[in-house]
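J.: Okay, so TrEMBL annotates it like this:
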ACT_SITE  Asp388  active site, 4-aspartylphosphate intermediate
BINDING   Asp388, Thr390, Asp804, Asp808  Mg(2+) binding site
BINDING   Asp388, Lys389, Thr390, Glu512, Phe553, Lys576, Arg608, Thr688, Gly689, Asp690, Arg777, Lys783, Asn807, Asp808  ATP binding site
DOMAIN    29-80  domain 'P-type ATPase N-terminal'
DOMAIN    110-174  domain 'P-type ATPase A'
DOMAIN    830-925  domain 'P-type ATPase C-terminal'
TRANSMEM  52-70  transmembrane segment
TRANSMEM  274-295  transmembrane segment
TRANSMEM  323-342  transmembrane segment
TRANSMEM  854-879  transmembrane segment
TRANSMEM  894-914  transmembrane segment
Amino acid sequence: MIQVRKWSNKVSAVSETRQIVVGMVDATKNNKIKTSKYSLLLFIPKNLTEQFRRIVNFYFLIVTVIAIVIDSPVSPFTSIAPLSFMVFVTAVKQGYEDWLRHKADNKVNNKIVEIVHKGVIQEVKNSTIAPGTLVRVKRGREVPADLVLLCSAGEKGKCFVTTANLDGETNLKTLRVPAPLVGYTADILPQNMRIEVPNPVADLYTFYGRLDIPGFDNKVLSTDHLMLRGSRVKNTEWAIGCAVYTGEETKLALNSKYSGNKFSSSESAVNSSLVVYIIVLLAAMILSFVAKYIIDKRNKGRNVYLGEETSNPLSASSVIQDLFSFLLLYYYIIPMSLYVTIELYKFIGALFIGWDQELRCEVTGRPAIANTSDLNEDLGQVEVLFSDKTGTLTKNLMVFKACSVNGQIYEERESKLYDTERFDEPVDIFQTDIKFFFTILALCHSVQVSSEDMKRLSAKLSSSPNLQILKIFKRTKQSKVSNDDSAEDKTWINNISENTNSLDYQGSSPDEKALVEAADRVGVTFLGEEGNNLLLRVSDATEMYERLQIIEFTSERKRMSVIVKDKDGKIWLFCKGAESSIYPLCKDSTSIGEVDKDINYFASKGLRTLAVAYREISQEEYDKVSNSIKELEGTSAAALQQATQQFRSLEADLILAGATAVEDCLQDGVADTLAALRAAGVRTWVLTGDKIETAINVAQSCSHISENDKRLFLVGINNEESLQASLDICNRTLEEPSYKDLTLIVDGTSMSWILDTPVDKVFVDISLKCKAVLCCRLSPIQKAKIVKLIKNSRERPITAAIGDGANDISMIQEAHVGFGLFGKEGHQAARSADFAFTKFAMVKKMLLVMGHWYYQRLATLVHYFFYKNLVLGILMLLFQTDSAFSTQSIFDSLYLTFYNLFFTSVPCLLLSVTDQRWPAKLLMK
């Protein structure tokens, strides 16, 4: 077992950091997660406290105590039995639901993970991981805690992960082993390493630290070295990291803080009705007491058969006795069994959700799940729906649809390109312009072929008669690839063809992955890379390109470029990116106009677009830039930034090659669902971590926003002055007579200046007047704060939130009603939500059908209960007029007990769970 030693993390009060010794476990911490509300020890007191916070429960508790203490006109059993039964049934239901949450938590906490102790791999439970533990994560597995990457099976210490479960982005992200540790394995890691990290913070995109390695200079740690809990290892056989944050301290947990118990909005309405009936009850008690006093005074000395008369009927003891006696006679006006019947009704309603075949996944057969039944009726009262984008509205699947080359649009159909003006036969992909265009797509990217495919391809090629071809994977920078159609080459090419039909591409961006896959389908196949060499298969020829430089994509540049050298020694710069960043770099305005027209056409179809450009660079020009950069090597970080700027200077006088159009595939029924919700008066907000351009394209595709809508932007705000100016513009627009159909678009930076400030109320007023709201580049905590802001606004709308990733948990739990989708990257959102299912389109039936039925049924149930109990109370009151208000009961105590529990409750319950005032088909329209 791993060596456990209790020691205190050294925390500096000034720097607010802590030190962790690699391999030495902090036994005071663990990696447990908890979504359950109760523990076995505290279940009874905590549950009773929650139950008696309800007015009706507390009221009946007081009545029961009074019935026991005073000389009651009815048996105390009539109060004790119903109250005990009601509390017991509610406790059993809530205990069962919490047991399911415990079961889900235990599944995660008891999951087997691998740790490294003294160079030996051991299997332990997930919950036992603590700061200092060395954890090994295999390919395809989820990272169990926040780890600092120390070893990786990837080339040069690289490790690829996806963070879709954290920030909604499906991009393949590259992490790196700290430079001094590249090449090390777990069994030979330096001893006595220490990691200094800051105290836990929720920000997913901020991390700094320091790695102290004996014999080496201290290494600064950043987000490039941190494997976040909830991310998933991809395209890397294994990775080993040291746990620095575990359990509730991980960034995932800090962004998923449980917001407390939720209570249905209908409870407030029922409680308000109860207040009215309590006033009626008090009035009946007082009037009866006054009537009794008057009658007793009038009949004084006549009613000897009633026993000895009270000497002073207005004494405190007499008044209390009489008032409480009338209370015990009339308290049936307040329906004691109302809440227990509502609990049973909700529980049965939750079962119906799981049994509904239309809410069951057609592929997997997975049913919908109600993790709580307390909020069924709130489904029918939702006014604002907050939705994640990636994985919720979309399938996380990018598909290449078309491209524009030399002013001509080509569409892909069945892996062939067709001219949109002539669909009779596919075009020849190996026409010079088209071939060159797809060659750019196959080279200008950060996509990689999976390591398994590379190994499989190499193994197959090693058995080929032409063993010399294997050298192509080991070429030096001076190597060239022969394109001669010799018999041996054709044999090898056929061999490659057999092994590249299903290459697994791993992309740094889903768009890039889609473009490389499209190039492969039409005949330009990216086979992988070895060092700085890129290998393509084009028709019956292989081509090798030497990659000289990559100019990375940034959100400011909105483009990426690659500089390569072909077999003829020509140097090319290939560039792709947003048209707004490419056009200013191009020299031919005519081609810009043609391509821009096609891009606008693609955008009108809701497709994501990229412009593609290139230029040939002379050897002298490249050498000049390269030599100037060599002079900067080994200098400061500012000099390295200057080197990048030198390469960017080559991005000039580009020739526009064309544009691409990629579809971010929506889930089935998304547009129809949003339209139906809009028609029903439900306002939808899309909250996403994606960039603005991506979010707008998807929002247009699913008809969340329209191109014809006037758009208000709160983007790029970084000070109070610009925020106030932008809000003033929005308010002036709203004051215009024809301001309808407005769309508000906000980014995370601007939202950070809005939230928790006095202007948040102004933002709420503006946003609630817009037809659609789109918020981009948000952190999980910002999502939750937005939901809370709207939920607590002046209008107090009932809110719902839906998402599929762990990054959506805080938002889901903050809303009145939380929907979780069973996502591809995990089920954390589904496990933490109030209701869980597999597709966004199912929310249509949940809100428009289930919500309507449950709210209407509950309203009917409550009305019947108050009616039947009011009838009983009136009978008691009428009997008092015939019995001289002598506090006698007209009914037997046992009958009074069963009247509420069984005689009248069961018929109302059966009606409430079966009534369908309107059929589902009509409500879905």
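Don't overthink the numbers, they just go from 1 along the chain as shown.
Backbone N, Cα and C define each Cβ position, glycine as well.
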J.: So which of 274-295, 323-342, 894-914 has the most C-beta pairs under 8 Å when paired with the transmembrane segment (854-879)?
T.: 323-342
J.: Below 8 angstroms Cβ to Cβ, which residues of this chain, lying six or more residues outside the transmembrane segment (323-342), approach it?
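T.: For the transmembrane segment (323-342), the nonlocal Cβ contacts are 54, 56-57, 59-60, 63, 66-67, 70-74, 79, 82-83, 85-86, 89-90, 270, 274, 277-278, 280-281, 284-286, 288-289, 858, 861-862, 865-866, 868-870, 872-873, 876-877, 880, 887, 889, 896, 899-901, 905, 908-909, 912.
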J.: Which whole-number value in Å describes the distance between the Cα atoms of Phe553 (ATP binding site) and Thr390 (Mg(2+) binding site)?
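T.: Cα to Cα, Phe553 (ATP binding site) and Thr390 (Mg(2+) binding site) are separated by 21 Å.
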J.: If you measure from the Cα of Asp804 (Mg(2+) binding site), which of the recorded positions Asp388, Arg608, Gly689 is the nearest?
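T.: Considering only the listed recorded positions, the nearest one is Asp388.
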J.: Quick one: DSSP breakdown of the domain 'P-type ATPase C-terminal' (830-925) into helix, strand and coil?
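T.: Breakdown, helix to coil: 70 helix, 3 strand, 23 coil.
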J.: Which recorded positions from the set Asp388, Arg608, Arg777 come within 10 angstroms of Asp808 (Mg(2+) binding site), judged by C-alpha positions?
T.: Asp388
J.: Where the residue listed as 'active site, 4-aspartylphosphate intermediate' and Gly689 (ATP binding site) are concerned, what is their Cα separation in Å, rounded?
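T.: So the Cα of Gly689 (ATP binding site) lies 8 Å away from that of the residue listed as 'active site, 4-aspartylphosphate intermediate'.
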J.: What three-state secondary structure does DSSP assign to Asp804 (Mg(2+) binding site)?
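T.: DSSP assigns Asp804 (Mg(2+) binding site) to coil.
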J.: Taking only the binding-site residues Arg608, Gly689, Arg777, Asn807, which one has a CA atom nearest to the CA atom of Thr390 (Mg(2+) binding site)?
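T.: Checked the binding-site residues Arg608, Gly689, Arg777, Asn807; minimum Cα distance to Thr390 (Mg(2+) binding site) goes to Gly689.
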J.: Taking 10 A as the limit, how many CB atoms besides its own sit near the CB of Arg777 (ATP binding site)?
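T.: Cβ-Cβ neighbours of Arg777 (ATP binding site) within 10 Å number 22.
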J.: So, by DSSP, how many helix, strand and coil residues make up the domain 'P-type ATPase A' (110-174)?
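T.: Output for the domain 'P-type ATPase A' (110-174) reads 10 helix, 33 strand, 22 coil.
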J.: Under DSSP, the domain 'P-type ATPase N-terminal' (29-80) has how many residues in helix, strand and coil?
T.: 28 helix, 0 strand, 24 coil
J.: Just how many other Cβ atoms lie inside 10 Å of the Cβ on Phe553 (ATP binding site)?
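T.: Other Cβ atoms within 10 Å of Phe553 (ATP binding site): 20.
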J.: Take every residue in the domain 'P-type ATPase C-terminal' (830-925), average their pLDDT values, and give the whole-number result.
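T.: On average, pLDDT over the domain 'P-type ATPase C-terminal' (830-925) sits at 87.
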J.: Enter the number of other CB atoms within 10 angstroms of the CB of the residue listed as 'active site, 4-aspartylphosphate intermediate'.
T.: 30
J.: Please work out which residue of Asp804, Asp808 has the most C-beta neighbours within 10 angstroms of its C-beta, and give that one of the binding-site residues.
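T.: When each Cβ's neighbours within 10 Å are tallied, Asp808 leads.
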J.: Please identify which of Thr390, Arg608, Gly689, Asn807 has the densest Cβ environment, defined as other Cβ atoms within 10 Å, among these binding-site residues.
T.: Asn807
